[in-house]
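What follows is a single structure, written as structure tokens, with notes after it.
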Protein chains: 2
Amino acid sequence: MITNLSSTKSDFQHKLSKLLAWESVSNKEVANTVDNIIANIKAKGDEALIDYSIKFDGVNASSMADLTLNATTLKTAFNNLDNKEKTALQVAADRVRIYHEKQKQVTWTYREDNGTMLGQKITPIGRVGLYVPGGKAAYPSSVLMNAIPARVAGVSELIMVVPTPNGITNPLVLAAAYLSGVDSVYTVGGAQAIAALAYGTQTIPKVDKIVGPGNIYVATAKRAVFGQVGIDMIAGPSEILIICDGKIDPDWIAMDLFSQAEHDEDAQSILLCPDAGFIAQVEASITKLLPTMNRKTIIAKALKERGALIHTKDITEAIKISNQIAPEHLELCVEDPESMLDAIKHAGAIFMGRNTCESLGDYCAGPNHVLPTSGTARFSSPLGVYDFQKKSSLIMMSDKGANTLGEIAATLADGEGLQAHAQSARYRIQKS
Amino acid sequence: MITNLSSTKSDFQHKLSKLLAWESVSNKEVANTVDNIIANIKAKGDEALIDYSIKFDGVNASSMADLTLNATTLKTAFNNLDNKEKTALQVAADRVRIYHEKQKQVTWTYREDNGTMLGQKITPIGRVGLYVPGGKAAYPSSVLMNAIPARVAGVSELIMVVPTPNGITNPLVLAAAYLSGVDSVYTVGGAQAIAALAYGTQTIPKVDKIVGPGNIYVATAKRAVFGQVGIDMIAGPSEILIICDGKIDPDWIAMDLFSQAEHDEDAQSILLCPDAGFIAQVEASITKLLPTMNRKTIIAKALKERGALIHTKDITEAIKISNQIAPEHLELCVEDPESMLDAIKHAGAIFMGRNTCESLGDYCAGPNHVLPTSGTARFSSPLGVYDFQKKSSLIMMSDKGANTLGEIAATLADGEGLQAHAQSARYRIQKS
């Protein structure tokens, strides 16, 4: 049902590596299909976009007007929610906004004694495209998590694309778009939607950056248009790593493992615990609770193929293994999580203490749920306001500054054999 | 010699688009070669690395010891520089360090009224690989600009690779490596060096992120290993855009245009100026000064193929065109550059006022010279300390916090059909 490992076994590292191994399926056929779609959208714009939407999404459309949702539609979707859902979405949006406000970077400058000014100017990205998957993986929380940081950053225009297979829209997704202040929504998806955002069509304006999750075609298209526009990360399957001291209801840990596994069959749920007895209890809870879950088939497969309960020597060793894994989600289900923080080197998000299950963070705690997967937390960060802002260096040399540095720059330029660099700097040295 | 354009002509936008068009040469043959090299390094490690270095760099090596430079070699390179070069390099390194110290991000947390703690933890990337080109494009300034921000960020290990074609090392590059605190240097290059850093060999440890410029093989290899490790941007040809009010010696502007053009034949130098008479003077300066330049062939070709002198209606229009171009380097050669700053939306670095030629910034002003090219300043930033730090979200719910948010999260999870997410949150709601 789920693999049991022990860190003391000699083949542990080997087994752990096998467990963590993940190669994204990037096959040539998908890449070729995507290349064709992109070329077609570049050449024919709206016309191709409409054709693909009819072909892939089964929608009924004769013009882009049929693939455009207006502001009233979004507002109505929100107003028609029942009160409980409306409040939940509103509370989540507000909390996400408040947390992300703290990530806002501001321009700074400083002046040196000789009057030279240096600094870093912050500007928002101009136009952002937000991809939202349609069908079974339509998550309103994703809309909030992608759109709100962009709005906080001051992005001037936010365009959402969401496919509507067979014309069916998801009211919660539209309500979330309304709440987070999306400017316009087109009901297109797949590689064709990514191409339309990257290159523009007669109707959809070309954006500067594209964010949001999608299937293999969307991911491949994002990779292909990278450079033409900015993109966020290309996510692998979602993962949770729980470090637990065993002093908690084992049902809670089982359910936390399920909450990752229920996403899809490739999702990864791992427990690190120094208490062998507790691990056995968690396994019993898994057996007991699994039959009660609607998505039990997916959960069972994910746990079997990619899950593990790992017995460690102690908590210190659990932290070491966690740093090696660099998990997307890290739960510290322990008495005193704060004392462990310094030792944690890599993790997308850290859920501290027994009250803090991952799903609170997924929806409404405030921090972003778009996080680096597959060990990429070693070098990347959660989606944030900083992903929608960019920096420009500022340099304004005073007369004295140019005099002093002119000679330094010229010397280094000479060393690199760049005569015009040197001369350009020397011109600025004032004869005194 | 150089294209003249006027913003008032009806075909101006069309001509400007053609001028700016840049497609990076990513041909399948290069991609296949690189894929083979990567597969070979993954399979055979050091052995393959030595073979490729003999084959491509013409070095004499029988073991990795022959491709390793020790600390003494670096220090000696620095000590053997003449005093003027030593001082110039030292001043540049110090200024770069001081500026980048200001980019350092720090961990923050805040506590809500009910005791819930939220925050963002900052950690440095663990191990970084720095690629430095060998041969004709061996730039010590690049070593400083890539290594110092990594050191300021607190990266624990910094590994440099630099090919030494026919065994020839560049003393300035080694001196710069010494000055910026590089931990180890391997004299390997090309796609094989990138593969070695990404996957590790018996001798070279696997890194978490690779930065630094390189030729098409290096760039293709970086793109291929992205995901396995982090990478910095993949740069296009370098560009300068000068906005000038015409109140400056035209020789200075000509030389500033040259300083970009001398990099290589694809480099782009553009002047925007509302004063037609001054544009003519700059053109005369170009004609006069070009024969005096050592790299005149490269400069002439770059100016002819990719350069332009553009007559604009006024400075306001020049700023508008600049924002459209989103230049890597932007010189504001005007009386009052500070008054223009608000209007500048996209630029890698902004060089303000007549004293501030780009080359001062390239070497020693302080800000980084690794900047977004080909219009990517619309969505990306200079290389900085932030590229060597990463963030982890922090969430620690209080009892009250978990009570309130448990219900919100569960409602939203129910809406998304994720039962385990909902149950996991509901477990945390305390019966009172």
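Yeah, the Cβs are placed from backbone N, Cα and C, and that goes for glycine too.
Because the structure is a prediction, the values reported are computed rather than measured.
DSSP classifies A:E328 (active site, proton acceptor) as coil under the three-state reduction. A:E328 (active site, proton acceptor) counts 28 other C-beta atoms within 10 Å of its own C-beta, drawing on all protein chains shown. Per TrEMBL, active site, proton acceptor is recorded for A:E328 (among others).
Under 8 Å, Cβ to Cβ, and six or more positions away along its own chain, A:H329 (active site, proton acceptor) finds A:S238, A:E239, A:I240, A:L241, A:Q260, A:A347, A:G348, A:A349, A:F351, A:E358, A:G361, A:L371. If you look up TrEMBL, you'll see A:H329 (among others) marked as active site, proton acceptor.
Positions annotated as NAD(+) binding site by TrEMBL: A:Y131, A:Q192, A:N215. Within its own chain, A:N215 (NAD(+) binding site) has A:P133, A:G190 as residues 6 or more apart in sequence whose C-beta sits under 8 angstroms from its own.
The feature substrate binding site is assigned by TrEMBL to A:S238, A:Q260, A:H263, A:H329, A:D362, A:E416, A:H421. Its Cβ taken as reference, A:H263 (substrate binding site) is surrounded by 22 other Cβ atoms within 10 Å in the chains shown.
All chains included, 30 other C-beta atoms sit within 10 angstroms of the C-beta of A:D362 (substrate binding site). Reduced to three states, the DSSP call for A:D362 (substrate binding site) is helix. Residues or ranges marked as Zn(2+) binding site in TrEMBL: A:Q260, A:H263, A:D362, A:H421.
With A:Y131, A:Q192, A:N215 listed as the residues that bind NAD(+), the site has a largest C-alpha separation of 13 Å. The Cβ of A:Q192 (NAD(+) binding site) has 29 neighbouring Cβ atoms from other residues within 10 Å, across all protein chains displayed. In the structure shown, across all protein chains, A:Q260 is the one of the binding-site residues A:S238, A:Q260 with the greatest number of other Cβ atoms within 10 Å. Under the three-state DSSP scheme, A:Q260 (substrate binding site) falls in the helix class. In the three-state DSSP assignment, the secondary structure recorded for A:Y131 (NAD(+) binding site) is strand. Using a CB-CB cutoff of under 8 Å against chain B, the recorded positions that qualify from A:Y131, A:N215, A:E328, A:D362, A:E416, A:H421 are A:D362, A:E416, A:H421.
Cβ neighbours within 10 Å of A:E416 (substrate binding site), excluding its own Cβ and spanning all shown chains: 20.
Distance between Cα atoms for A:Q192 (NAD(+) binding site) and A:E328 (active site, proton acceptor): 29 Å, as a whole number. Apart from the site residues A:Y131, A:Q192, A:N215, the chain places the Cβ of A:P133, A:V161, A:P163, A:G189, A:G190, A:A191, A:A193, A:I194, A:G214, A:Y217, A:V218, A:A221 no farther than 8 Å from the centroid of the site's Cβ atoms, the recorded NAD(+) location. All protein chains shown were included, and the count of other CB atoms within 10 Å of the CB of A:H421 (substrate binding site) stands at 29.
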